[in-house]
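Beneath this line is the structure, given in structure tokens, with notes to follow.
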């Protein structure tokens, strides 16, 4: 267990500088974004009121009040999120391949550590997960800060005040990364963790069987995804089940746990018996 | 004792190992010799469970390799196995963090033996110094067995001499060593046992001292006989 924590800390350290850059870019882009969106709104308001002679109320009726949703729908808000998502998706592969690629023979050392090799799997998965949760936490903080900045920039009468949870409910984008309820949060990120396990297993299949393994790996991702989605196919497409929502949810969770456990078990087998440097 | 029993291995359609059997005892230096591609590195990888074998069995002190075994056996591949951006000190700390058999005193001794600067980054080391740092990380472990893959490959004469000196020092004493090398001349006088590999099998294995005394032949003489007919 000690080795697992050490390995996790080590893996976090290996990506930390790059991660700080992602955090920096997100902060800068989103803070500039809330300022830009506010300024744009105020410029529109000034033009309408002082140049076109519209009353404040007429402008507000016509344009609507400004809220954090104007910001969350802007490119300033969405671009850094997209960048973080893409970077972490790429890193999900790179976190393994970097130990094999080029002249790097670090995988020799990792596989020769006097610890269960599955700890490598868990350490790398935990690293990805911590980084994702870290960015989600940053997003919550930034929505809160953006609310304050918006209050500074725009007079209250033009503004519809929203808290983090209200933004989460109202914005489809925010809701995707920050579900409104804790249950949804666990389900969304649990599914995310399952897919990390599936992709890690696929990588280990490829690393164990190389070219032949690439086909097996693609096949494994397809089969695991199909199994996870099977309930949806069966109930929605063919109407084979008529389940209450709670029953459906419990069954879906059980399938998810089975797929995750199978991936971990297969990875354990590959790391112990089949992996090749 | 390391027992390699009838192991076979295929890469694609090519059968690299066709039933290799040999043993390596503690306190002896066993040298695996063969032309490139004969499977020397594959055997070392297989002993460390770094590549799967198709058939056969490998036992270390009578047991199959387990995670804890890595505290008793170490492998020094032909390339360094720590991150290039680490300094030598950091790489030593990394080893210390994970291995209960890390011997700091010996590590410091090796550091001065090889005249390495602990603050140097691995990536900035010359080929010779990289090989020495690699050796340091393996030899500073209090292990029973050491596997070395081509420790003299591509490095200068003085570094080779320095590394060869390790074999006559207390740093190797009482340990079981399996070494692969092309540069047999550098260590011929140091090795106890030779395993000649050819076409995926052990062509001949012998104790150097016995052959020297009984037949008056050096390792190179035997190699010439076996490989050139």
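From the backbone N, Cα and C atoms, a Cβ is placed for every residue, glycine too.
Non-local neighbours of the transmembrane segment (A:16-37) in the same chain are 66, 68, 70-71, 74-77, 79-81, 83-84, 87, 131, 134-135, 138-139, 142, 145-146, 149-150, 153; each lies 6+ residues outside the stretch with a CB under 8 Å from one of its CB atoms. Positions annotated as transmembrane segment by TrEMBL: A:16-37 (among others).
Nonlocal intrachain contacts for the transmembrane segment (A:75-97), taken as residues 6+ away from its ends with a CB within less than 8 angstroms of a stretch CB, comprise 11, 15, 18, 22, 25-26, 29-30, 32-34, 36-37, 124, 127-128, 131-132, 135, 139, 173, 177, 196, 199-200, 203-204, 207. Residues or ranges marked as transmembrane segment in TrEMBL: A:75-97 (among others).
For A:118-150 (among others), the entry in TrEMBL reads transmembrane segment.
Tertiary neighbourhood of the transmembrane segment (A:186-205): same-chain residues 92-93, 96-97, 121, 124-125, 128-129, 132-133, 176, 179, 213, 216-218, 220-221, 224-225, 228, 253, 256, 259-260, 263-264, 266-267, 270-271, 275, selected by CB-CB distance under 8 Å and a gap of 6+ residues from either end. For A:186-205 (among others), the entry in TrEMBL reads transmembrane segment.
Under 8 Å from some Cβ of the transmembrane segment (A:214-236) lie the Cβ atoms of residues 194, 198-199, 201-203, 205-206, 242-243, 248, 251-252, 255-256, 258-259, 262-263, 266, all in the same chain and six or more residues away from its ends. The transmembrane segment annotation in TrEMBL covers A:214-236 (among others).
Summarising the annotation, TrEMBL assigns transmembrane segment to A:248-271 (among others). Beyond the ends of the transmembrane segment (A:248-271), by six or more residues, the same chain brings 111, 117-118, 120-121, 187, 190-191, 193-194, 197-198, 200-201, 204-205, 207-208, 220, 224, 227-228, 230-231, 235, 241 to within a C-beta distance below 8 angstroms of the stretch.
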